Structures are given as C-alpha cells and as structure tokens.
Amino acid sequence: TQYVLLLFVFRLMPTTDDHVLLIKELANNLDFWRPDSVDLVTIDMAVDFHVPLAHTDIVYTMLQQSGMKMGVLIEDLQAEMEEHLDSRDINPRAHSYTKYNTWDTIQAWIASISSSNPELISRQVIGNTYEGRPMNVLKIGRKSSSTKPSIFMDCGIHAREWISTAFCQWFVKEALSTYGTDSEMTSLLNQMDVYVLPIFNIDGYDYTHKTNRMWRKTRSAQSGSSCIGADPNRNWNAGWCTTGASPNPCSDTFCGSAPESEIEVKNVADFIRRNKSSIKAYLTIHSYSQLLLFPYSYTFALAEHHNELMAVAKGASNVLRSLYGTEYTSGPGAATIYPAAGGSDDWAYDLGVKYSFTFELRDTGRYGFLLPESQIKPTCEETMLAVKYIASHVQKNLY
C-alpha cells in the first residue's frame, strides 16, 4: 500500500486552528494546487495538494492522526499525467485545437494563422521572455483606418494551467471562422479589436512540457537564491506583495524582486499602457475552480463599478452554464476565493480598464491542472459563450 500512495493528490477540509497549523507545518513538503500557497489556508476551505514521493508516508500518517477530513482527488498522479493527453497517437507536431500543443507547435500556428487572413488578423511581438522567446500578440478585428476600441485577453500566465492556453487558440479559431456568419462575432470584430496573447508565460509552459508538468512560475534567475522564477500573477503593481503573495524566492507565489521584475509582466504592462486609451476590457484566463472573478483581490474593498461587474459576471456565468450545465461562481477575488495581491486584473482595473475579469476554467478538482484533452472542446465552447457575453456588454457600454 505504501507504493500506491506515492503520487496522491489529496483534498483536506481543515475545521480547526490546529488543522490549519498542521497544514502549515507540513507545507514545505507539499505542492499546493488550491489555494496557491499555504499562507492562504483557512478553516472550512478545501485544500488540494500533491505530495512529492519522498514525503508521502510521513504526511499521510500525520494527516490521519489529525482526524482532519481527507479525501483523495487523484490516486496516481503519474498515470493521470499520461492519461490527460488522450491524443498521443496524433502527429505530435501537428497543431490541433483539441489537444495540448507544445510551444513549438503553437509558435508555428501563430505564424500561419496570422498570415491566413490579413483582413482580420495581424500579429506583433511585444518583447521577448526571460529565455528569449518572442511574445506574440494577435490583433483580431476588421481593418480600420482609425483606432478602434479593444479588448485584451491573455492565457497561460501560470505555466501548468494548460486548458487556459488551449482556450486562447480556440478563441482565435472561432473569431476567424465565425466572422461573417455569427452576427455577434461579426458585429464585435467590425466595431472593436481583440488583442490575444496566446501564452503569457512561454518559458514556464515549455518547461511544463519538457521537465516538470507542475511548474507554475516564470523561469528567471533570482539574485541571492538558487530558486527559479516568480509568480507572474503576483508581480503587478497592485497592492504588490502585501497579501497572498510571498517574498520568498522559493515559494510558488513569490512576488518577484519588485513590481514588473518579470520581463513578461513588464512587456504586457507596457503594451497595455501604450494602448490604454483604446483598451476597454481585460480578460485573463486561468484554471481551475470554475470561477468568474473581478477586482479586487488585493483588498476586500469593493470596486467602484462593483454592481455592474457583478451583473456582467453573473450574466456571463448563466450563459456559460446553458451549454453543458457547468456551474460557475462569480464575485470579487478577495471575497470569492482569497486575498491575493499583485494580480493582473486588479492592476488593469486600477489603470482604468473598467471591465477586468479573471476566468478560472474547469474543473473543481477531480482533475485539477490535468484536465483531460477530451474536455478541451466542451470547456472552450462554454467559455466562448461567456467571453462573447462580456464582449457584447463592453461593446454596448463603451466609455
């Protein structure tokens, strides 16, 4: 039985302060899936984590002795990692919208899709990553001589959230293939432009394909530490490093050495600042938990446009649910999941981008970051409905 436990993903329900304390004592031996780090663990919160090989016995024994409610989400992480790539028989170098493509495949796709329809799509490199990979932003919309209002969307800030990256590719495909037939999409792309950054954290994403599937951060070197990378969604100048983020370079939620210390964050922030007058909405796609969040996460204070943002989030969640019955929870980040400073949506909102939303896609923990490829299509289809709902509201309520 010892061997069977080797790569479990557990879910705990701490109900006392002692339970929370025990989780904190064990934290150095755990890889937190939800919440993002041990600092965010509170009573009556579902805590999902995976235990590295070497620590399984001791962790399991201590948890059993604590009397804490404990369940197993994934019994064999290694098997699940292999399993979630359902389509291994397909040519690995061929791009597919229903599989998790490698960075090389996505890069080739970006080149070919952006030359496929010059009337509707163009691309620009907004800078390079820490390891020198080009960050391409695709601009989708009918060509116009004047600057149109726009929406900015990014995917894959966190490297291991592969379904996020799959969604940006799906969105581009849908936008191009339904323009002219779908009235909502046609109207949107006639009146507005959509900027899509298919992968934000390219270095990290490449690393999850080649070395460590569970990697989350960037891949930058940190002075004075042997630990690599910072959390690119704790690195924005929005209550930076005050709550739900760590100053420790070895933490998964390391806030970086300063706001925008990560070149990827700086490249995107510079692009949004340059285009601030036209960008009316900011959408960032994450996984997992089935949430539609809006500011704030770094404070419990309500955003100035709280009521409108809540109404839009609820409307988008309803239309998403209409397809497959997938339930989403909507609300401001701090109150809906946990306080976390330095996030991109809060930064965009404080910059003046009123419609700022974070999606946490499927699922609620059965597969977590290892959502099977068979769920890419339904996840993307339902998410498209929500994104189009938000875009339509923005289009009708330009400011």
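Each residue's number is its place along the chain shown, starting with 1.
Glycine too: its Cβ is placed from the backbone N, Cα and C atoms.
Database features, via TrEMBL:
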- 99-394: domain 'Peptidase M14' (DOMAIN)
- Glu360: active site, proton donor/acceptor (ACT_SITE)
Task: Chain-internal residues near the residue listed as 'active site, proton donor/acceptor', provided their CB is under 8 angstroms and they sit 6+ positions away - done: His286, Ser287, Tyr288, Ser289, Gln290, Leu291, Leu292, Leu293, Ile337
Task: Local confidence of the domain 'Peptidase M14' (99-394) - pLDDT mean - done: 97
